[in-house]
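Data block below; observations after.
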Amino acid sequence: MTIALGKFTKDEKDLFDIMDDWLRRDRFVFVGWSGLLLFPCAYFALGGWFTGTTFVTSWYTHGLASSYLEGCNFLTAAVSTPANSLAHSLLLLWGPEAQGDFTRWCQLGGLWAFVALHGAFALIGFMLRQFELSRSVQLRPYNAIAFSGPIAVFVSVFLIYPLGQSGWFFAPSFGVAAIFRFILFFQGFHNWTLNPFHMMGVAGVLGAALLCAIHGATVENTLFEDGDGANTFRAFNPTQAEETYSMVTANRFWSQIFGVAFSNKRWLHFFMLFVPVTGLWMSALGVVGLALNLRAYDFVSQEIRAAEDPEFETFYTKNILLNEGIRAWMAAQDQPHENLIFPEEVLPRGNAL
């Protein structure tokens, strides 16, 4: 029996090889297999958003004006979520709700579902693009792993949270002021700022900003003076092989400042990757919990004492009262289809009132 070792070569290229050669060709803008998902989905998501914010009203879903055509500006325009009565329908243009009528589809909130789903797949396509390029140039895939953080947040907030609630209606609309309203909603109905997963997310994002500032300043501080240029950008050749700054000097500086410092670049840069990505993932997990209506921290003993003792109040009990006020005011404003009416006597009043 003879075993032949060697690389198998095909006599002629099949369709897959031809497509692979064209998609992965070296060009100004890399396409790749991931581009088949990324570019169409990104085009449709952005196109849907620009169309919605320019022309489409939210009168039939939220009782609001939300387009430039109606007088909104960049901060107040939005592509609004579908009506609560449509629950979790995919709102396909050819589906039973719109029945192929594009105008009706826009009025019902079909553009939101269109933008959300295509946006999610576009983000996934962008992550796959980073995987594909990393593999092509023999890099490790940490860029793609890092980008999983924003994807996790987007999917949890825009898709998983409303799936856990009664419908897409309770997802954020795609607009600046609309996102602000959603944040207030999260605080009032879920006490989001006291949720430990939100705390970890804030620590991750702000900690990452601090790390970036410290790292950038430290590198600038310890640059080798081996160029004739007057500033950082002229003094160094962008293709030079040698290092441009002194890790040893940086280590000594921070050892004197804090008493501790990173001793090697791998651990330093892994930490800069770990902090924000972990923070984003923790936030995403917290939002998944909110989809299931899991509660934040409750300090019931303080609430009971505040109810019994007019002179006892903490920042926590004041925030609980504020949340009740947000719910009482926002529910009626935010869900006009429910015809909610709250009499004056049930509205929250703090000890100071």
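The backbone N, Cα and C atoms fix where each Cβ goes, glycine too.
What you see is a predicted model, and the numbers here were worked out from it, not measured in a lab.
Note on Swiss-Prot: of 245-261, 279-295, the range annotated with the feature transmembrane segment is 279-295. Neighbour counts were taken as the number of other C-beta atoms within 10 angstroms of each residue's C-beta; across the binding-site residues His198, His215, the minimum falls on His215.
On the backbone, the CA of His198 (chlorophyll a PD2 binding site) and the CA of His269 (Fe cation binding site) stand 24 Å apart.
With respect to Cβ neighbours within 10 Å, the binding-site residues His118, His269 differ, and His269 shows the lowest count.
Rounded to a whole number, the distance between the Cα atoms of His118 (chlorophyll a ChlzD2 binding site) and His215 (Fe cation binding site) is 36 Å.
Here the CA atom of His118 (chlorophyll a ChlzD2 binding site) lies 33 Å from the CA atom of His269 (Fe cation binding site).
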